[in-house]
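Before any comments, here is the structure.
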């Protein structure tokens, strides 16, 4: 071997150098190819999905019906395709700044919300069944071909009124193609507000490689790329369509609150009150990005990103359907945004998502239902609620809470919040109050916001608020409360929802600004709980026992009162900070230390301060209420033993009835002056005088 080497070396040194260089290049090329192959081959679905795929409990073919596990099995082909064909692998060689973390239906539909733990606590299937905590799965997914969808325009032929109201609702536009964004003049790569804030699409992502955006300017915008992969990344130093630059985890989701409302000046104001509140980009940490207003959602900035097909998460509640005849046509179109858009037969929460493919038409699926729970009853199982309440033993359903996004109740959890309220127990459901065809109402767009283009035909698209049209108002049922509130002065312009349905829900999982004890600041949607808990310390939202630090976001859940129901604590009811609540804006910011226009002494920075203020109203009312009740009881006792002239007796009874009317009104109202302090006190003062006059008549007749 050595002699041969020597001969070659001595015989033709120049030739041998070239040979070595060629050999080195071949080895390098093989190494790179091997690296790419490993990157692709190393990608696999989650252990939950793999376990179900490997050990199915029967099959769709054997049962004749599709069940939860079959939805997970059918997604395998989608992930196999993505692992081979997404540009992350074909153009970038699997190299990303930040780790790829696969998320699929197995994890989202089985494990998320502690589904496996709930199954073990359940008696169903001997504790070995499946439990989809977050979703009531749609009957049809985009992976099933052919489907019977005909599209909302076809439904509108026979249901024109319903179509028109639906078409101008946010349900209709939750999914939009590039070119359908009049509120920003379709400039998806330009900063929306100031030049130092984010654009709707992140760096390196151009409209031609985007299938759709998700969301509205009121809250957030995300995107799905042309391969129907969730946009959890951006591209630095190049463009996705060219395969240039580098894929970077996070910095992917446009956030209205951060981009518009949380200016550095506002952030500094909050930081004086909340020392850990972030001001600089660096202080937003994993949740931040490269520019103000573009957060890392389903990602940690430059550390990790979810590799997640549309089929496993967002598409459940932000759906679309294609008219492809078979799977081959579908997979042939993936990667071509225009082709996917051309074959989209419905998008958004359209008619057939609730009423079934084809609706009631001959050949359709025949479903004539409303299916709000599919998207608005996201649960999460809480071991803490099971342990902490003896009444819950053996009843895992009573230990359910809502799906939380870190420390805040997530979007789509309205129904799971309502589930543990007196309203739900009495039979109230979503459609009791809401018209599912007209969920947005007659919303007026913003005309004076820099960067927002007002369009009169689609005004709601440029609106920063949401005021849904309601079939039934609070006052239709709560007449005593409505009557007293109509007499109020201090809170006369407040709606019921202002206090009883505070904006405390997170759409964005913007955990960097979630400070729940201070009732802020990642707050885009109304809570659906209603019951205000008057307590100096008890909190609506609490960390789980597994949390080493409350800010780690582990197992946060709704606390329960003595009746086992959810409640709104005083800080959230009176002093929350949100920029999404039209009612709060019209009420001069209520008592928020950040946005309130009231005098400084009415800016409440902790719950004890709110409680003391409430006691200042309720205590004198309760004292006088007790005085009136005792007085009435005393008069009835005297009437049993004293004889009065008929006219005096009649007058005493009249006075007692007047006092009792006030007692009944105050008792049914239940706010002890909070709905209208002065009027409540005036009624009680009058009731005291009725008692006094009745007592004088009794004494005169002795």
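Glycine too: its Cβ is placed from the backbone N, Cα and C atoms.
Worth saying up front: this structure is predicted, and the values here are computed from it rather than measured.
Per Swiss-Prot, the candidate among 360, 376, 423 that belongs to the heme c 1 site alongside 155, 158, 159 is 360. The heme c 4 site in Swiss-Prot is built from 372, 375, 376 plus one of 171, 181, 591, 603, namely 171. Binding of heme c 5 is attributed by Swiss-Prot to 430, 433, 434, and within the candidate set 318, 343, 528, 557 the record adds 528 to that site. Looking only at the binding-site residues 158, 355, 434, 528, the one with its C-alpha closest to residue 318 (heme c 2 binding site) is 355. In the three-state DSSP reading, residue 318 (heme c 2 binding site) counts as coil. Annotation note: residue 220 (substrate binding site) sits in a strand segment as assigned by DSSP. Comparing the Cα of residue 372 (heme c 4 binding site) with the Cα of every entry in 220, 354, 423, 496, these being the binding-site residues, the smallest distance points to 354. Following the DSSP three-state reduction, the secondary structure of residue 434 (heme c 5 binding site) is strand. Neighbours of residue 317 (heme c 2 binding site) among the binding-site residues 220, 354, 378, 499, defined as a Cα within 10 Å of its Cα, are absent: none qualifies.
Considering only the binding-site residues 354, 360, 411, 430, 675, residue 478 (heme c 6 binding site) has 675 as its nearest partner by CA-CA distance. Nearest neighbour of residue 496 (heme c 7 binding site) by Cα distance, taken over the binding-site residues 158, 159, 354, 474, 477: 474. Taking the centre of the Cβ atoms of 430, 433, 434, 528 as the heme c 5 site, the nearby residues of that chain (Cβ within 8 Å, site residues left out) are 372, 414, 418, 428, 429, 431, 432.
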